[in-house]
Amino acid sequence: MSAVSLPPSPGRAPAAPAGPTGPRRPGPLARFGQPVVALGAVALLLGVPFWLILATASKPHAEALDPDLSAPSRWQLGENVATVVQDGHMVSAFLGSLLVMVPSVLVVLVLGSMASWVLARRATRPLAVVYALCISGIVLPPAVVTIVLLLRQLGLAGTAVGMIGVYCGMYLSTVIFFVTGFVRTIPTELEEAARVDGAGPVRVFFQIVFPLLRPVLATATILICLYIWNDVFYALFVIGGRIDTLPLNLYQVASSGLYLQNWELIFAYIVVMSLPLLVVFALAQRRIISGVTGGAVK
Amino acid sequence: MTTILERPTATEADPGHTPRRRPASRSDHPLWFLVPALALLGVFFIAPTVFNFVYAFTDWSSFKTEISFVGLENFRDLLGNGSLISDLRITVIYAALVAVFQNLFGLLLALLLERDTRVNRFARVAFFVPVIMSALAVGYVFQALLKPDGGLNAMLSFVLPGEVSVAWLGSTTWTVVVVALVHAWKWMGLSMLIYLAGLKTISEDVLEAARLDGASSWQVFRQIKFPLLAPAVTFNVATALLGSMNGFDIVQATTEGGPGGSTELLNIFIFRTFGQGLFAQATTMSLTLFLVVAVLAFPVIYLLRRRERVL
C-alpha cells in the first residue's frame, strides 16, 4: 500500500488543493506505480474471469469441454448465443423476469411510500413498534418453505402473482426503511400549504409528497431490481419449473444432464443474461453507484 | 492526536426531529395508508414466519396426505444425524470468512483507488461489474476457473515451477474458504465503494496535519482513516454477514454443498430436502436459520454501532 499513500516530504509547505481530493502530492513511485498496480489488479482479478467467459462462450463444443484460458480456434459467439437463446428459452425467460420484477417494484414503491409517509409523520409509540416490525425484514430471512405452503393454500403456488407477493413481502422492508428516513427530512410546510387549499390526504400524498421522493425511490428501485433480476433461490421454490426467468433457466441449462459439460452454452447464456444489466449500468453508472452507496455512510 | 479523532463533518443531527409548526392532526396522515403495505407484509412475510414455528414441529412431507404434530422429532433427527450442527457450523464459518475477506478486499481496493484519477475511476467501475452480475453466473465462472485442469492452475503452473493441479473445489477442509473467497470477490466492489465514500468524508486538513506532524502512511491509516471509517465498517460487516448467512447461489453453482457436505449452508440443505419432499425437515432448518440470524445479527449490529460511538 505504500505506493498509494507515500507521505510528502516533511519540509514542504502545504500546497493549494490540487484537485477534488485535496492537496495530496504523491511521490514519483506513487504517481507511476499506483496506476500500474490498479490496472494490474483489474487485469488479474477481473480480466481473467471475464476473458474466460468470453473465450469459452465463443468456442466450438469440442474445445469448451475443458474450459481453459486459451483463445478459441474459431470464434463462434454468435452461433452459441443463437443456440442458447433457442434452447434455453431465453426470450420467454426474459419476459418472465420482467413479468415478476416490474409489478413487484411498482407495488413495493407505491405501497411502501404510502406507509412510510404515515410512519414518518406520526411519531407515536405504537407506530414505532409497527415501524420496527416493518423493517425487521431487512435483517430476518424469509421463511421460504412455509411461503410455498401458504401460496398453495391461497391457490397462488407457481403463479406470477404468488412470486410478486413474495418479493413484495421481502422488499417492502427495504423501501419503508429508506423512504421513512427520507420523508423525515422533507419539511411539512409543503403539505400544509396544500392542506390549507383543501386537499385531502390522498391528493397531498400523491401530488406533493410522492414526487419529492424521487431520489430515494430511484435508489430503492435500483437495489430491488438488482435483487429480483438475479434471484434464483426464492424463484426455485415458488415458480421453479412453472415460469421461466433468466436465472432459473441458467440454472436449468447448467444443471440438466442434457447440457452437462456444455460450457460454451452456459457461458454464452451468462453473456446474454448479463447484457441488459450491463447496458443499464453503463447508462446510469453514476446514479447506480451513488444510489447503492448512499445512506451507507453517515 | 485526540483532537483530530473528532469527526470532521457534523452529520450527527438526528433527522427524526424535524421541527414542526403545528401539531399534525390525525386525519392528515390517515392510518389506512399503512393497511396495504401491512397486509402484504402480514400475508407474505409475517404469516410464513409464524408458520415456521408451527410446521417445524410437524411431519409435513410430500409422502403423507395429513399433517400431524410430532413435537421435537425433527430437531432430534437433525441433531442425531449431525446435519443441524454441521450445517450451522459451516454457515457461521462461511459468513465469518466472507465478512473478513469482503472487507479486507474492499478496503485494500478503496485505499488503492482512493485518488481521483482517470485510471482509478475506470477501475472502480470495473470492480462494480461483479456486484451487478448474477451470483449464480459468478459461481459457474469460478467452477470452471477452479477445476483441476482449469484456468487458475494453468496460470499458477506458468508462474510456479512444476505442474499445479490443485482441486480447489475438492477439499473437505479448504473448499469452504475458496467458496467464501468467490463470494467476497463478487461483493468486494460494493464494500470498496462504501469505503471510498467513507474515505471521502475524512477532511483533508486532518490528514495534512497528521502528515506535517510526521505520521507515516501506516500511522495515518491506523490512527486516523481506519477509526473514521467505523460507520462504513459497520455497514459492510453487517451486510456481508447477512448476505452470506442467507447464501445459496454461489455455493450451489460451485460445489452444490460438496465435497462431502463440507460447504452445505443451511439454505443448501433447505433446498435439497425440500426437493426430496421432506418439507418439515426443510422448515426446521429454515426456522434454525431464522433464529440464528435473529440471535447473531442484532448483537453484531449493536456492537459495531457502539464501537462507532466510542470512537
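Every residue gets a Cβ built from N, Cα and C, even glycine.
A TrEMBL annotation is a machine prediction, not a hand-curated record.
Since we're looking at a predicted model, the values are computed, not measured.
Feature annotation from TrEMBL assigns compositional bias 'Low complexity' to A:12-27.
Feature annotation from TrEMBL assigns domain 'ABC transmembrane type-1' to A:94-284.
According to TrEMBL, the region 'Disordered' annotation covers A:1-27.
The annotation transmembrane segment is assigned in TrEMBL to A:32-54 (among others).
Annotated transmembrane segment per TrEMBL: A:94-120 (among others), in sequence order. Long-range contacts of the transmembrane segment (A:94-120) within the same chain: residues 127, 130-131, 134, 160, 163-164, 167-168, 171-172, 174-176, 179-184, 205, 209-210, 213, 217, 220-221, 224-225, 228-229, 235, 239, 243-248, 276, each at least 6 residues beyond the stretch ends and with a Cβ under 8 Å from a Cβ of the stretch.
Same-chain residues lying 6+ beyond the ends of the transmembrane segment (A:127-151) with a Cβ under 8 Å from its Cβ atoms: 115, 118-119, 157-159, 162, 165-166, 169-174, 176-177, 180, 233-234, 237-238. Marked as transmembrane segment by TrEMBL: A:127-151 (among others).
Remote same-chain partners of the transmembrane segment (A:157-183), defined as residues 6 or more beyond its termini with a Cβ less than 8 Å from a stretch Cβ, comprise 96, 99-101, 103-104, 107-109, 111-113, 115-117, 119-121, 131, 134-138, 142, 147-148, 151, 209, 213, 215-217, 219-220, 223-224, 227-228, 231, 234-235, 238-239, 241-243, 295. Residues or ranges marked as transmembrane segment in TrEMBL: A:157-183 (among others).
Residues or ranges marked as transmembrane segment by TrEMBL: A:204-229 (among others).
Taken from TrEMBL, the feature transmembrane segment covers A:266-284 (among others).
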Same-chain residue ranges lying at least 6 outside the transmembrane segment (A:266-284) that approach it to Cβ under 8 Å: 52-54, 56-57, 64, 67, 77, 80-81, 83-85, 88, 90, 94, 222, 226, 229, 246-247, 249-250, 253-254, 259
